[in-house]
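Comments concern the structure below.
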Amino acid sequence: MSTDFILAVDQGTTSSRAIIFDKKGNIRKIAQKEFTQIYPKSGWVEHDAMEIWGTQSGVMREALEFGRVKPDQIAAIGITNQRETVVVWDKETGDPVYNAIVWQCRRTSSICDEIKRDPQFVKYIKENTGLVVDAYFSGTKVKWILDNVEGAREKANAGKLLMGTIDTWLIWNLTRGKVHATDYSNASRTMLFNINSLEWDKKILDYLNIPESMLPEVKNSSEVFGVTDSHTLGGAEIPIAGVAGDQHAALFGHCCFEKGMAKNTYGTGCFALMNVGDKPVYSDEGLLTTIAWAENGKPTYALEGSVFIAGAVIQWIRDGLGLVRSAEDSEYYATKIDSTNGVYLVPAFVGLGTPYWDMYARGTIVGITRDTKREHIIRAALEAIAYQAKDVLECMKEDTGLDLAGLRVDGGAVQNNFLMQFQSDILQSEISKPKINEITGLGAVFLAGLAVGFWKDKQELKSILTTEKVFEPQKDSQAVAHDYRGWKKAVERSKAWAECYS
């Protein structure tokens, strides 16, 4: 039987998904299942690792069944996953010793504070992992499990425990324990991996007291990791051939293969990544340096910036203020007026991310007069999403010296044509919206397909990624500069608010 399809395993923070793609990039079937979010204490977030595996294997079988695709028609599997979330499990039984600690979890802040008392070590971590010291990343989460779960430290020292990010956990289960591996992109998000020497960093491992025997083998993002166990998917041994963290997979799915190409994902927040080529670029502007993907032992690096509140500000004007009935209504109201009339909304509801990194900033609306109507507030909320993206992309230009070679976009908010046009105006750059919505899954199958010869090269991938709409700047640069100065002034008003008035 011919292998006509590739299966994307898309394991996210709130749901497990499986997507079957054909050779033209068309989607044959999507299956999705949400799973439990566990909050043991304030600021703590966990997932049941067995539930993750159960839901993920379930949706894979469901996609095959309802897509009417036989397992032996699948040429390869590509995995993309929520990053930084980590699992520690028993090497013999395969049972987790504790729940997966999720990327959002802040329980290891005190460990990070302790590390920060040593500025030289903080500098070492940034220069060698590309990351800042933060509870966000996997390393301190592993230390917490070893220090706090009874018997874990002893078992780890005896070589009886394994650890891995979610991709590693899925690969282990798909192969029934035959393969313990990760890819370069996921490894680069652990705060344990040296992105210069491309190996686990012994100095950091020793500092956190994590035995190297726990760590997975690091492989290329496009490479055959192993095959599914014959009992996993209807008897077929399917190559697992592509692996990348979700944001990295999206960059690859957008075909951002050249230096200076960037993508922005508009979800609850925003994640912007720029391809910076075959050498790491370290940021003076609060960006993270990461490995985008690796092929044939050669990494491609990226700069990453994150915005905490993007689409969530539209949810707020809908649910919190009642200014719109649906997110779609925001475009209608924003286009009823020509401008915000000097109103700016800074959605710093949980502080500000890149490049400000102010956890005490709070949401602010400035420029209100008696003439201000709800349309002005709604438009200001949408414009804030674009301004924040510009903040991040300006930092990338500053750090790299590269001009933005257009911006590829994905996520729910890209359906808002007003927002996309304003984004193009404020960046003075072309914005490309693809026809395919499932860009993250597409990136995973692109990586897998290249590894098994399903697609011959990146040129063929580019022909699959078709553009639905291109937005060109319609506003002159002087007007843009004037509006952006106003945004910067509004941001200054929002800073340190909770510090002063809490």
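In case you wondered, yes, glycine gets a Cβ from its N, Cα and C as well.
Among the candidates D201, D206, D229, D246, the residue that Swiss-Prot annotates alongside T13, R83, E84, Y136 as binding sn-glycerol 3-phosphate is D246. Neighbour list (R83 (sn-glycerol 3-phosphate binding site), Cβ cut-off 8 Å, at least 6 residues apart, same chain): W103, T165, N186, R189, G245, D246, Q247.
Here T14 (ATP binding site) is positioned 24 angstrom away from N416 (ADP binding site), judged by their C-alpha atoms. Once Cβ contacts within 10 Å are tallied over all protein chains shown, the binding-site residues T14, S15, Q247, T268, Q315 are led by Q247. With a 10 A radius on its CB, D246 (sn-glycerol 3-phosphate binding site) counts 23 other CB atoms from all the protein chains. Here the binding residues for glycerol are R83, E84, Y136, D246, Q247. Their largest Cα to Cα distance works out to 15 Å.
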